[in-house]
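*Asks:* Have a look at the structure that comes next, please.
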Amino acid sequence: MFLLKTSSAALAAVVLFVLVIPISARAGIVTHVAPEGNHNSAPTLSKVIKDSYITDALLEHGLKAANLSDSCSRHVMQLWEQILNLIGDDSARNSTGIETWALQMVDAWGKIPEGILSGHINALGDFDECLAVRGPRQDVNPFQGKYCLIYASPKVGDQPVAHQSESQRTQSGERSIENLLKLLSVVSNAELPLIPSIGTCLPSSCADEEIFKIVSVLLTNINLLPLTTFCSTDEVPTLGGGAIATMSFLGVLLTFVIVGTCVDLAVIYHFLPTPNVSNKLFLVCKAFSLATNGKKFMSTESNANDVSCLHGIRFLSASWVVLGHTYLMGIIQPLWNIVDTYSMITTSISILFVTNAAIVVDVFFVIGGFLVSLTLLAMLEKTRGNMRSMPIVYLHRYLRITPMYMIIVAFATFVFPLMGSGPYWHITKTWAGFCEKNWWKNLLYINNLPIYDTIKDPLDAPCHGMAWYLGVDMQLFVLSPLLLFPIWKWKRFGVVPLTLLTIASIIAPGVITYVNDYPPTNVPFQSPTKRYSQEAYTPTYMRAAPYLIGMWAGIFFRKMRKLTSKKNYRLSSAQVIGAWCIAFTTGFTVLLSPHRYMDPEYSFQRAESAVFASGQRAAWASAISWLIFACASGYGGWINQILSWRPFIPLGRLTFAIYLVSMNLQFLFHLQYRQPIYFSNYHMVNLYFAHLVMSCLVALVCTLFIEAPFMQLLKILLPMEGKRKSSKIYSNNNEIIKGELPRNSVSPDPSGRQVTIGSVSTLSANSREVLIHT
């Protein structure tokens with residue numbers, strides 16, 4: 001817990017901010033008891049508020065100077081008159097008392113919360129009670145309750161703390177406050193929504209801008225500046241064209257699934273004659289059959305060429321990503337104990353397994369590079385270096401990934417914002433605006449590049465932010481044949497392009513970090529989120545190293561398998577044990593080494609940050625590459641047995657859908673919170689398992705209803721050459737090791753499907769390939 005050194009003026013600003021009706025600093029209220037028999041000698045609270053604050057400030061400088069509409073001004077005054085009936089003296093009250101609508105509206109405002117110094121700074125009020133308010137029936141222009149969430153910041157000088165630079169905070173003395181206000185200063189610089197907020201309830205006749213003006217007047221004299229406001233009413237949102245089109249498409253898709261399943265079951269149980277295998281209409285119906293696709297999904301069969309450990313690595317990595325997102329959502333949502341949470345995040349070593357979970361995404365890049373090198377080199381061996389089929393390979397790759405990806409993006413853009421409500425639900429509408437503007441960048445898989453300008457246009461931001469991975473993966477996939485063809489063609493000299501690009505991909509993060517003075521990694525509460533993310537986290541040149549190192553691992557694995565086949569070569573026990581020790585040490589060092597960077601007082605040195613940024617991903621990728629190589633080559637022992645557990649095969653097939661839907665499911669849960677929560681590890685772990693199970697269930701639906709049908713349709717419409725000849729799975733290790741591929745040899749891909757090595761379809765063996773043979 002931070003030491004309490006808060007100045008009285010700054011602390012008073014935070015406390016007064018969450019009062020229902022702020023009291024002017026110049027009112028001079030003193031709590032005392034009037035002498036008996038002289039009840040009028042001391043001013044009442046209502047009289048002080050009315051005479052000193054409302055009449056002088058609100059009416060003259062607020063309603064008049066703010067140029068409010070007539071209906072808004074009149075309804076606000078009606079509300080004020082009703083408040084006087086509640087708290088005023090006998091002269092201020094009327095005989096009718098306060099009306100129910102006004103009582104509900106006052107009751108729905110955020111009140112001063114307990115534990116402000118612990119970080120309970122979000123007085124959200126009662127969202128649902130406010131929306132249920134209905135004004136006087138006799139009013140000519142009836143109104144209802146309008147809930148508005150107001151963000152504000154303590155003001156130092158002429159600026160709020162949230163808008164001040166580091167030097168300004170230091171000059172004003174705010175940087176020396178080691179408690180709540182220091183936290184507010186730090187997180188506001190990191191662009192996290194952990195600044196004071198209050199829920200207000202005012203008549204719906206007031207526009208959002210008018211409510212902002214009213215609240216600005218209320219906060220003028222108490223050293224607070226409002227930053228922004230987000231308002232909601234209970235009006236049923238109208239369905240736009242995008243929502244109608246998306247739901248109509250999903251309805252048609254559901255109809256196809258029902259019809260296809262019924263036809264398939266009718267054939268299976270002999271209610272219909274068995275059609276010819278070349279009957280395209282029946283094949284289309286079968287492509288949408290839950291019975292067929294479900295059977296394929298649940299299959300745990302594998303063959304001799306299957307790198308079975310990848311199933312477990314893939315699913316466990318996806319689960320780890322969900323864990324990191326769960327804690328992320330827990331940190332950025334309204335909390336009761338922000339200060340304690342901040343202390344835990346910045347001091348605990350064990351929490352790094354969560355806060356540093358972003359490094360886990362690199363596991364998928366390593367897997368993608370590993371498999372693309374295996375499959376492409378095998379294809380080049382088979383076709384004797386013929387690259388004429390590459391355009392078809394790229395088309396297959398694009399059509400396999402894109403349908404479910406864009407359907408989920410469309411759903412998140414047009415339908416998801418209609419599925420919930422709450423004080424923070426407005427965030428979903430902002431994200432929908434991102435996608436309405438930039439969806440085409442996702443369609444072209446360039447959404448990860450730093451091509452956004454949120455300064456000029458706040459809506460110019462990445463659509464479906466977690467999909468940056470797909471952009472990186474697609475770009476590296478397109479590049480991979482240009483790097484592997486020289487290796488097949490010229491052997492030793494052919495490795496020069498891949499070597500040079502690998503070195504450049506390791507150096508580039510360090511150079512960019514040094515030039516821009518970025519922190520060494522994504523540090524919670526400190527990294528300037530938007531700028532760091534777009535320039536130093538998602539670009540391809542910042543994330544290419546793990547993919548390229550994975551390609552090297554695939555090349556080395558292929559070479560070692562040939563040596564094993566020809567010369568029965570095996571690594572010695574000492575070599576294996578030494579490699580495992582190095583891999584474990586490297587992995588844990590990468591995970592835990594950012595601990596000192598979490599300290600908000602740590603002074604980042606450019607050179608140190610650059611070295612760490614260059615080395616962390618390369619080191620982590622090297623450790624994961626050994627894990628894959630060791631398990632695939634028989635050096636994995638009990639680790640390989642765990643990762644090769646057969647239930648991981650179907651679970652591994654869900655990883656792509658889990659990655660796409662898990663964050664939206666967490667948003668659906670967390671953004672509907674009506675009140676702050678108490679953050680604790682136990683609470684987060686419980687939420688994590690709930691999120692993981694729900695993500696798997698929704699991913700299963702997406703896989704069976706969207707992904708599998710479209711993959712089968714692709715096989716029908718664009719059949720690959722190798723599949724026309726035979727559908728039998730060939731599993732002779734020796735032929736693959738020698739490069740003498742059978743017609744339909746099979747290799748696994750990261751999604752758990754079996755991928756044909758002997759045809760051009762295998763080049764798309766990475767995190768998003770689908771079932772080709774069962």
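One is the number of the first residue shown, and numbering goes on along the chain from there.
Using N, Cα and C of the backbone, Cβ positions are placed for all residues, glycine too.
Remember, TrEMBL labels are computer predictions, not curated facts.
So TrEMBL lists these for the protein:
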SIGNAL    1-27  signal peptide
DOMAIN    69-233  domain 'Nose resistant-to-fluoxetine protein N-terminal'
TRANSMEM  249-272  transmembrane segment
TRANSMEM  320-339  transmembrane segment
TRANSMEM  351-377  transmembrane segment
TRANSMEM  398-419  transmembrane segment
TRANSMEM  466-488  transmembrane segment
TRANSMEM  495-516  transmembrane segment
TRANSMEM  536-557  transmembrane segment
TRANSMEM  577-598  transmembrane segment
TRANSMEM  618-639  transmembrane segment
TRANSMEM  651-669  transmembrane segment
TRANSMEM  689-718  transmembrane segment
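Map these features onto the structure and tell me what's around them.
*Replies:* Residues 282, 284-292, 407, 410-411, 705-706, 709 of the same chain sit 6 or more residues outside the transmembrane segment (249-272) yet have a Cβ under 8 Å from a Cβ within it.
Beyond its flanks by at least six residues, the transmembrane segment (320-339) meets 1-2, 115, 117-122, 124, 179-180, 183, 192-194, 197, 345, 351, 354-355, 357-358, 360-361, 423-424, 524, 658-659, 662-663, 666-667, 670-671, 673, 675-679, 683-684, 687-688, 691-692, 695 of its own chain at Cβ-Cβ distances under 8 Å.
Within the chain, the transmembrane segment (398-419) has long-range Cβ neighbours (under 8 A, six or more residues past its boundaries) at 237, 239-240, 242-243, 245-247, 249-250, 425, 428-429, 431-432, 435-436, 439, 442-443, 463-464, 467, 470, 474, 656-657, 660-661, 664, 667-668, 702, 706-707, 710-711, 714, 718, 764, 768-770.
If you look at the transmembrane segment (466-488), the same-chain residues 6 or more away from its ends with a CB under 8 A from one of its CBs are 361, 364-365, 368-369, 372-373, 376-377, 380-381, 385, 387, 390, 394, 397-398, 401, 405, 409, 442, 445-449, 494-498, 501, 537-538, 540, 543-544, 547-548, 551, 555, 659-660, 663, 763-764, 766-768.
Counting residues 6+ beyond its ends, the transmembrane segment (495-516) has Cβ neighbours under 8 Å at 482-484, 486-487, 535-536, 541-542, 544-545, 548-549, 551-552, 606-607, 609-611, 613-615, 617-618 in the same chain.
Residues 345-347, 349, 352-353, 355-356, 359, 519-521, 523-524, 571, 604, 612, 616, 619-620, 622-624, 626-627, 630, 635 of the same chain lie 6 or more positions beyond the ends of the transmembrane segment (577-598) yet place their CB under 8 Å from a CB of it.
Remote same-chain partners of the transmembrane segment (618-639), defined as residues 6 or more beyond its termini with a Cβ less than 8 Å from a stretch Cβ, comprise 307-310, 313, 359, 362-363, 365-367, 370, 506, 545-546, 549-550, 552-553, 556-557, 560-561, 564, 571, 576, 579-580, 582-584, 586-587, 589-590.
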*Asks:* Take the C-beta pairs under 8 A between the transmembrane segment (536-557) and each of 351-377, 651-669, 689-718. Which stretch has the highest count?
*Replies:* 351-377
*Asks:* For the domain 'Nose resistant-to-fluoxetine protein N-terminal' (69-233), what is the mean per-residue pLDDT, to the nearest integer?
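*Replies:* The average pLDDT of the model in the domain 'Nose resistant-to-fluoxetine protein N-terminal' (69-233) works out to 73.
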